[in-house]
Structures are given as structure tokens and as C-alpha cells.
Amino acid sequence: MPLVCLTDFEAHAREQLSKSTWDFIEGGADDCLTRDDNIAAFKKIRLRPRYLKDVSKVDMRTTIQGEEISTPICIAPTGFHCLAWPDGEMSTARAAQAAGICYITSTYASCSLEDIVATAPGGLRWFQLYVHPNRQLNKQLIQKVESLGFKALVITVDVPKVGNRRHNITNQVNLMKNLLLKDLGSPEKGNLMPYLQMSPIDSSICWDDLSWFQSMTRLPIILKGILTKEDAELAVKHNVHGIIVSNHGGRQLDEVPASIDALTEVVAAVKGKIEVYLDGGIRTGNDVLKALALGAKCVFLGRPILWGLAYKGEHGVEEVLNILKNEFHTSMTLTGCRSVAEISRDLIQFSRL
């Protein structure tokens, strides 16, 4: 039986993967209220379609940080793709390249950055950084990703400490020691990624530190994990190039707003000065349309990409992306949007249910 929607891939992955792997991918913080609310919050938004418009041609293309993508549906940074498929991030990178979208590679990738780039040399890729306490190691890694052709640096800001993920504690998951870390050596020998993956995240980083990152790279800097207007205003003040509205898939602090609920506040705060993106809870083409109507430039997918990997590796990810892309095309057509630029706040209303 063919898989026809993203929840089909979720059900298949749940059957296919080991319990500990499934729990690691699906688990949220504490009671998982925010994880579940990420999805439920989209269902409180209704669409206001416009008809008798010529929608014989619908163009889903857009740009992020000046680079064209085929559709505003990209791949969020998630770690350890080898858990879902042997080729891990290399399969993900090839699927993203084939789809003509951006793939944000995680600090916790289970493949080397060189292998990821070599397998999909033409793909648009950003790099997600967990800041290490050792500034020199951060500098080496940033210079490395810049030399490898990554087009933006995405700094995750919502993990000064790892959230309380009960499933990982129950399963005694210790990914750092057990999963990969092949060829673990000293950073002086060039084995930066495994060393960083074994190390703590810098909990002292603050707004004033951003100038240090800006001084060493020409890459645009994107902050991932912003949820409030106060932090959005500070991001603009500190000259970052973009924000990903995100609650880390509900894996960090539970009982924070769903990403889609925080989006409006952040978009209003930046006043069009920088691009705003969203991750968390995207499961249908309608969800993509709703996020764009509320001001997101594009959305990023997390867990559904891992479900696709678990299904058929690279081809499974391609299927997930194609299904969502086709659904989004339908959503645009049936609401009268001929281009992404025509998606506006007028297309939605908030349900009283």
C-alpha cells in the first residue's frame, strides 16, 4: 500500500525503527505538551480561499538569503541520521539537492561534512552550530564549513542546557558514546566534528558574543530558537540575517508556545528587516501555506525527514518532500495564489474551536 501523506511515513517509521531510536526521534521534553501543540496549533487556523483567479500556472519558487529554492519547504537540522538509514546525512543531502531546496546540516551529523558535500556538491546547504566553550574550535569549524561551500551559519540559541527528555533517560540513550564517533581523535588532527559532539555546549553565550562570530565569517548568521518579540528585536539590533522561529520540536523547554503561535509576534517585531523562517509541526501543504501567510519566508522539516529516511533512504526523503510539495501546490491553487508572493494574512482566520 503506497504512503500518501506524512503521517503514513510516521506510522511506517514507528514499525521499522527500534524502540530506543523511535523514542529518541519522537521524544519531547517533560510531558511533551509543546511537541504536540506544534501540530495541534495549525488546526486552529482556517483558510479563506479566493476563487475565479487564473491558477493555471502556480509558481512555488522563492528565495532565502538571496538563493533560489524550488519551494519554501526545506530541511531542518537534526542529528544522527544514521539511526534511520545507513548512509545517514549523505542520503538527506542528495534528496535535498534533487528537490532544489536548502538542507541545514547539524553539528551532530553522523557523516563527515566532506562526505556530505561530496555526495551532493550542487546542493544549497547551511550549517547549524552548537557553540563550543572553546572559541578556537568554533573558529576552526566555521572556517571549515565556509571553505566547504556552506552558505549560512545557523546558531542554535535554545540549548544552554539539554531539555529534560524522559524517553532518553528511560532508555539510557548515550548517543555521544555509542552511536558513531568513528575515528575519534584530537581536534588538532582535524577530527573536529566527533570532538565537538563529545563536548558540552557553551551555556555562557550571550548577545554580545555575536559580534565575535560576525568578525570571523562572511556567511549570513541565522539564529534558531527565537520565540519572543524581545529576542527578535535584539536579533535585528545585533545585525543577524535571519531567525528560525522554533521550540526545538518541543524537545527543550516544555510549555512554551507552538512555533506557529510565536511566529506572528516575531514577524511583527522584525518589521521586514530580516527574513523569518519556521520549524515545528509542519505536516501538510496547508500548514506550509498557513506559515507563509503569517510571515514565514519558508518552513523547515525535522522529524518527517527522518521518517522518510527510515522508509527508503534518499528516495524516502524525496517522497516526503514531493508529497508535501504537491500538497502545497494544491493549497496554493485552491486559495487562489499564483505565486508565493500572493500568500498573505488575508488567507487565514483563527478558529474559535
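Glycine is treated like the rest: Cβ placed from N, Cα and C.
Record features (TrEMBL):
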ACT_SITE  HIS248  active site, proton acceptor
BINDING   77-79, SER106, GLN128, TYR130, THR156, LYS224, SER246, 279-283, 302-303  FMN binding site
BINDING   ARG165, HIS248, ARG251  glyoxylate binding site
DOMAIN    1-353  domain 'FMN hydroxy acid dehydrogenase'
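Most buried of the binding-site residues PRO77, GLY79, GLY280, GLY302, judged by other Cβ atoms within 10 Å, is GLY280.
Per-residue pLDDT, averaged along the domain 'FMN hydroxy acid dehydrogenase' (1-353), amounts to 92 for this model.
Closest in space to GLN128 (FMN binding site), of the recorded positions given as ARG165, HIS248, ARG251, is HIS248, taking the CA atom of each residue. Same-chain residues that are not part of ARG165, HIS248, ARG251 yet have a Cβ within 8 Å of the Cβ center of the glyoxylate site turn out to be GLY27, GLY28, ALA29, ARG35, VAL162, GLY163, GLY249, GLY250, GLN252. Within the set of binding-site residues (GLN128, THR156, SER246), the lowest number of other Cβ atoms found within 10 Å of a Cβ is recorded at THR156. All protein chains considered, the CB of ILE282 (FMN binding site) has 29 other CB atoms within 10 Å. For ARG165 (glyoxylate binding site), the same-chain residues lying six or more positions away in sequence with a CB closer than 8 A to its CB are GLY27, GLY28, ALA29, ARG251. On its own chain, HIS248 (active site, proton acceptor) has THR156, ASP158, VAL159, GLY163, GLY225 as residues at least 6 apart in sequence with a Cβ closer than 8 Å to its own Cβ. Cβ neighbour count for ARG251 (glyoxylate binding site): 23 (other Cβ atoms within 10 Å of its Cβ, all protein chains included). The glyoxylate site in the record is lined by ARG165, HIS248, ARG251, and its two most distant CA atoms lie 12 Å apart.
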